[in-house]
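Visitor: Take a look at the following structure, please.
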Amino acid sequence: MSPDLAFILAAAAAFFAVGGVGWVTLGAMGDAQSKKRLDRAVGGRPARSKRANATLDSAAQRRRQVQDSLKDMEQRQKDIRKKSITLKARIQQAGMSFTPTAFWITSACLGVAGFLIALVTGQSLLVSAGIALVSGLGMPRWTLGLLRGRRQGKFTGEFANSIDIIVRGVKSGLPLNECLNIIARESPEPICSEFQLLTEGLRVGQSLEDGLDKMCERMPLPELNFFRTVLIIQQKTGGNLAETLGNLSGVLRARRMMREKIDALSGEAKASAAIIGSLPPGVLAIVYATTPDYMSQMFIHPTGQLMLLGGATWMAIGIFVMRGMINFKM
């Protein structure tokens, strides 16, 4: 073997020996680093997983609580709607303080007065009985319904401002009960009287949920039902009450604007319905005033009385149909 070949073989052997040692060393270090990375990955995942699971469990639990609360409140509202509204409840919703007995006595007096006035003016017994029925049963109930609707309209118009009082009070650090007391003292009627009854019940140990339930019975409005739902859910599950009530206030104002737009758009239809409904009795009154002998046969003769009764029935049906067509519920 030549010296040159021996030198080349020795150099190659040395190169492979050094390379092998380096490969083994680097491989061991890489395995150690890979093991460390794997240990860190495997060891860190449970901690992050536990935190994520805890957050998810908390959110799911809160969601279940909200769903259960909504189901309970929806069932209560269904039970309330199934119950027929009593006369006492109607009187309370109208803001009156008399008893149902006084209402029936007043209705009977009005019915007797209408019957006697009709007889004195020369009307037949059938016409007098119809006038007595309208004046004794129809007029008092219509008046009570009118007062009830006006009171609910006033409540709806000012309710968003009352919610804003709670929002500002909660943001400034006042408790909810103190905000309710401020509304009971400073808000206009009928909001102040309703919140006074609520705060008085809370002072004697009544729960907020029961107080709001009774308030909804006295004032059956969807706006108040929204308010009750927000407070009860916040009481059971927590959350930012000021932000939630602020959003509710915006929704109520948007509903009011939408209702006013609907009233403006349906104003022409309502005016047309009022004119059409008032034409027949108006023409009858004018003809009777100008030619009483000609129209008196309609009130005296049995056939004329039946014609008047049939015409009044059809007119009432038409008025109720038009009323249902032009009244929009939100």
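Going from the start of the chain as shown, residues are counted 1 onward.
Quick reminder: no glycine exception, Cβ is built from N, Cα and C everywhere.
According to TrEMBL, the protein carries these features:
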- 6-30: transmembrane segment (TRANSMEM)
- 56-83: coiled coil (COILED)
- 98-119: transmembrane segment (TRANSMEM)
- 125-144: transmembrane segment (TRANSMEM)
- 166-288: domain 'Type II secretion system protein GspF' (DOMAIN)
- 271-291: transmembrane segment (TRANSMEM)
- 303-322: transmembrane segment (TRANSMEM)
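Describe the structural surroundings of these features, if you would.
Guide: Long-range neighbours of the transmembrane segment (98-119) within the same chain, counting only residues 6 or more positions beyond its ends whose Cβ lies under 8 Å from a Cβ of the stretch, are 87-88, 91, 125, 127-129, 131-137, 139-140, 144.
Note on the domain 'Type II secretion system protein GspF' (166-288): mean pLDDT across this stretch is 86.
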Visitor: Who are the chain neighbours of the transmembrane segment (271-291) in space, where the CB to CB distance is under 8 Å and they lie at least 6 residues beyond its ends?
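Guide: Sequence-remote neighbours of the transmembrane segment (271-291) are 311, 315, 318-319, 322-323, 326.
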Visitor: What counts of helix, strand and coil residues does DSSP assign across the domain 'Type II secretion system protein GspF' (166-288)?
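Guide: Helix/strand/coil tally for the domain 'Type II secretion system protein GspF' (166-288): 104 helix, 0 strand, 19 coil.
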